[in-house]
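Quick notes on the structure that follows.
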Amino acid sequence: MEVVAAAILKNNINDYDSFCLTHANANNMKVNAADPLNWGVAAEAMKGSHLDEVKRMVEEYRKPVVRLGGETLTISQVAAIAAHDGATVELSESARAGVKASSDWVMESMNKGTDSYGVTTGFGATSHRRTKQGGALQKELIRFLNAGIFGNGTESNHTLPHTATRAAMLVRINTLLQGYSGIRFEILEAITKLLNNNITPCLPLRGTITASGDLVPLSYIAGLLTGRSNSKAHGPSGEMLNAKEAFQLAGINAEFFELQPKEGLALVNGTAVGSGLASIVLFEANILAVLSEVLSAIFAEVMQGKPEFTDHLTHKLKHHPGQIEAAAIMEHILHGSAYVKDAKKLHEMDPLQKPKQDRYALRTSPQWLGPLIEVIRFSTKSIEREINSVNDNPLIDVSRNKALHGGNFQGTPIGVSMDNTRLALASIGKLLFAQFSELVNDFYNNGLPSNLSASRNPSLDYGFKGSEIAMASYCSELQYLANPVTTHVQSAEQHNQDVNSLGLISSRKTKEAIEILQLMSSTFLIALCQAIDLRHLEENLKNSVKNTVSQVAKKTLTIGVSGELHPSRFCEKDLLKVVDREHVFSYIDDPCSATYPLAQKLRQVLVDHALVNGESEKNSNTSIFQKIATFEEELKTLLPKEVESARTAYENGNSTIANKINGCRSYPLYKFVREELGTSLLTGERVISPGEECDKLFTAMCQGKIIDPLLKCLGEWNGAPLPIC
């Protein structure tokens, strides 16, 4: 019996697969019989490194043409069209037949008197109503859905950003091209012309719950296409246009469209606004995720961190791919870094100068970022599936001669993906804030000045103190935004739409989170560049101090009063050890001050040598104690001048020692910030404020200018961690 049952089951499955393949072929769908639930496709999409995927996104973003066929649209293509950065849209001619077939089916069905939702019936909870005036019904649909508020003439702006509207238009075209919606191809061509001529309908910012799709905002696109008097659009230069002017400027030669049965529903009953904005958000989120990995590596460099936190074995044993990749990227940046080499010498020389292990914000950054990158990557794939989905209702199945009433308009993938992405962004922001807080705190930053102040007089330079307060503000708001949107669903439309995704609301909040994380990333990178320059200044100042102490020691401690060699000559080596070990910025504003550690410890070296000088101390010719005053007086005469000379040379670009960053893999980002954006070391002596420099970088980041230098930092990475050896 079991064998017979198995055979019957196998035959039934084969019959089912055969039916699916036949039906798929009839509708130009791609279905894999071996993967009917699509898990295999989803898993396949996650193969390869995240960085390679980001590189592909950037490459796609920069292509001049986006060809729509309904199944291959990517978030980077949506972001490119949304930005209107020169890319144009082309429709696949091969889709025309399928689109026409579904449109014809609707008309034939209506002519036969077939009862169909939204064609001969009312909508939602009032779908029990009936009408034979299909065109009038679509017109009324658009009228009652024009329920948005724009707040024209008020200080607040309640219009959806142009980029989000353009993204929605592109995604909606892509959905309708698949031929399941019952709309004319000519309408899709008209929307394409609006996009290519940079004519953007005005959509309300609020008013959708993204189930049944984004009804209210999408109705304003339909309103423009049908020439409603309240429809407005922005032209290429931002000028306000009515529907007639928009058509003329876009080169749409047809009259306003008289919607046929189902066409109004096809235009509005979809998730395009939420998923379109989500696509823009995720393009930025993926870039920011890679940036956070590189910033963490630069943080390790300037903090004199121990690079073993990136060792592949540690992360291999944890198994999480996001963590393994984050560690490998940081390892690549740190491998061969001059900062890491110097830090190693420092740790060997005096292992007690800092904690044995770096603090969590540095040491566990791969473990922290890894899961967040996985979340962002999974959300990206989820939204890419959504923008290539058919997400309206009912669906026209021409091959089976029926309309399917379902709920693909439910935008749960958008709401959930955006909530998850926002949580990931908030966690990235928390890490950057923790790293920033260590960087500006002289108790934790291994010798950098408090607040990263770079002036000669620290009492009149508070560096990044204001920026730290701003970072706390940014981080707090970002943490607040991490709260989920999808837990705040309200039953709508006479309890017909009793569960709904809130997809667009979640996308909007995630866009806010992106902007705040860009503010944080900009501020942090400016601070890191300040720290890089301070390490350069520190090295030159220390070199000057060391040379001067050596010179003074040779002059005052080598020879006695009668020309004989003096026992104090053996102090020089220990004096130079003091210079090596003492943090430069703890004394450099007044290097010979008796209240500062350098002068105190130099004196202590001489005292210690005197104490072991024994009987020789009783002889004025061999006494080390009697040399202390001579040494200190000579040092006071010479050292301040040499320090000032070294600082002046640094400021004039004539440093004795070159900046270590020049030979590091993180250099492209530093070069971008300093040379391309024209920023420089901030000091209290200069008028320019931290906010001005951060603003330059934030603007450049929003314009995508940081992408190339960021990827250049990782240009030599082969996609694998260093071998365990």
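Even glycines carry a Cβ here, placed using N, Cα and C.
Straight from Swiss-Prot, the features:
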ACT_SITE  Tyr117  active site, proton donor/acceptor
MOD_RES   Ser212  2,3-didehydroalanine (Ser)
BINDING   Asn269, Gln357, Arg363, Asn393, Lys465, Glu493, Asn496  (E)-cinnamate binding site
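Location within the structure of each feature annotated in Swiss-Prot.
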residue	record	DSSP class
Tyr117	active site, proton donor/acceptor	coil
Ser212	2,3-didehydroalanine (Ser)	coil
Asn269	(E)-cinnamate binding site	coil
Gln357	(E)-cinnamate binding site	coil
Arg363	(E)-cinnamate binding site	helix
Asn393	(E)-cinnamate binding site	coil
Lys465	(E)-cinnamate binding site	helix
Glu493	(E)-cinnamate binding site	coil
By a simple count, how many Cβ atoms lie within 10 Å of the Cβ of Gln357 ((E)-cinnamate binding site), its own Cβ left out?
11
Write out the long-range same-chain contacts of Ser212 (2,3-didehydroalanine (Ser)), meaning residues 6 or more apart in sequence whose Cβ is under 8 Å from its Cβ.
Gly124, Asn269, Asn393, Gly407, Phe409, Gln410, Glu493, Gln497
Looking only at Asn269, Asn393, Asn496, the binding-site residues on record, which one has the least crowded Cβ, with the fewest other Cβ atoms within 10 Å?
Asn496
Just how spread out is the (E)-cinnamate site if you go by the largest Cα to Cα distance in Å among Asn269, Gln357, Arg363, Asn393, Lys465, Glu493, Asn496?
58
With an 8 Å cut-off on Cβ-Cβ distance and a minimum sequence separation of at least 6, pull the same-chain contacts of the residue listed as 'active site, proton donor/acceptor', or say none.
Ser127, Asn393, Pro394, Ala403, His405
Across all chains shown, how many C-beta atoms besides its own are within 10 angstroms of the C-beta of Arg363 ((E)-cinnamate binding site)?
17
Just counting, how many other CB atoms are there within 10 A of the CB of Glu493 ((E)-cinnamate binding site)?
16
Sort out the sequence-distant neighbours of Lys465 ((E)-cinnamate binding site) for me: same chain, 6+ apart, CB within less than 8 Å of its CB, listed by position.
Val440, Asn451
